[in-house]
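Scroll down for the structure; my scribbles are underneath it.
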Amino acid sequence: MREETVSWSLEDIREIYHTPVFELIHKANAILRSNFLHSELQTCYLISIKTGGCVEDCAYCAQSSRYHTHVTPEPMMKIVDVVERAKRAVELGATRVCLGAAWRNAKDDRYFDRVLAMVKSITDLGAEVCCALGMLSEEQAKKLYDAGLYAYNHNLDSSPEFYETIITTRSYEDRLNTLDVVNKSGISTCCGGIVGMGESEEDRIKLLHVLATRDHIPESVPVNLLWPIDGTPLQDQPPISFWEVLRTIATARVVFPRSMVRLAAGRAFLTVEQQTLCFLAGANSIFYGDKLLTVENNDIDEDAEMIKLLGLIPRPSFGIERGNPCYANNS
């Protein structure tokens with residue numbers, strides 16, 4: 001049984017996406033204010049606990065072993081080093097710490113046990129913990145839940161049709177199955193996509209429709225802007241129009257009124273004025289820190305200045321009960 005109260009059709013979402021920008025921002029902002037404290041901003045900190053050497057062929061990713069990029073494979077980080085970085089992040093104001101590993105899937109080995117220990121230790125710091133480890137088994141998801149994991153990130157990247165043009169080593173169905181495993185475990189899901197890869201407006205609309213018609217609505221919907229990386233197939237991809245980014249964020253807010261909408265990778269491309277429009281249009285979460293996995297992010301001091309200028313305040317950790325579904329509505 002689906003847990004949201006609105007059955008979104010593809011045409012519904014298409015109509016929202018193509019609403020005149022001023023009206024779309026107004027509608028999205030009203031929905032944000034009716035479901036959240038409008039001045040709250042969730043600040044997330046991302047740690048790459050295992051960088052590079054991935055066997056997959058995601059066309060946008062510097063960590064693929066199939067491409068010649070600036071990334072050199074590194075061994076997995078030690079528990080103490082990850083916890084120390086997480087502690088510093090919390091001191092800087094982060095309320096969620098995300099752990100990313102360049103794996104196709106998690107394996108039942110000492111490295112997975114190391115992740116469990118990291119999750120427990122960082123949760124003890126008072127921060128929500130999110131992991132992105134690739135595909136999971138039900139047993140692994142249960143272990144992560146028992147360790148205290150709050151959320152699991154597993155993006156769909158784009159529409160089913162466009163996805164096939166950027167990734168061949170993992171199917172769309174594989175990704176959907178992983179989301180099902182995570183939902184079954186009681187862990188919240190973080191799932192969104194990447195814009196600016198050469199996809200069409202319709203691909204962005206279809207991605208949101210796939211997420212909106214699942215049995216469980218994502219707790220977080222990250223919107224990433226492609227960061228073209230030398231050596232990857234998308235290295236020469238021209239930038240997407242800011243207005244398309246804004247439409248995607250605003251549409252996500254309307255369709256997922258109680259989810260966090262995260263302005264994620266690629267935010268460094270945007271001016272403070274453009275980011276402000278994104279916040280008005282429904283984004284209420286960002287990544288905090290100078291680097292996101294292998295790409296640049298906004299300077300921490302500049303972010304702090306922007307947050308102060310806009311009068312934003314940190315969103316506390318554990319604002320939504322773990323695994324609690326977000327109910328979509330049109331109010």
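A Cβ is built for glycine as well, from the same backbone N, Cα and C atoms used for every other residue.
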Could you look at Cys61, Cys98 and say which one Swiss-Prot places alongside Cys130, Cys190, Arg262 in the [2Fe-2S] cluster site?
Cys98
Taking DSSP as the reference, which of helix, strand or coil describes Cys190 ([2Fe-2S] cluster binding site)?
strand
Just to confirm: which same-chain residues, 6+ apart in sequence, have a Cβ under 8 Å from the Cβ of Cys61 ([4Fe-4S] cluster binding site)?
Cys54, Tyr67, Ile229, Thr232
Taking the center of the Cβ atoms of Cys98, Cys130, Cys190, Arg262 at the recorded [2Fe-2S] cluster site, which other residues in this chain have a Cβ no more than 8 Å from that point?
Cys44, Leu46, Arg96, Ala132, Ala151, Asn153, Ser220, Pro222
Could you please provide the mean pLDDT value for the domain 'Radical SAM core' (39-264)?
95
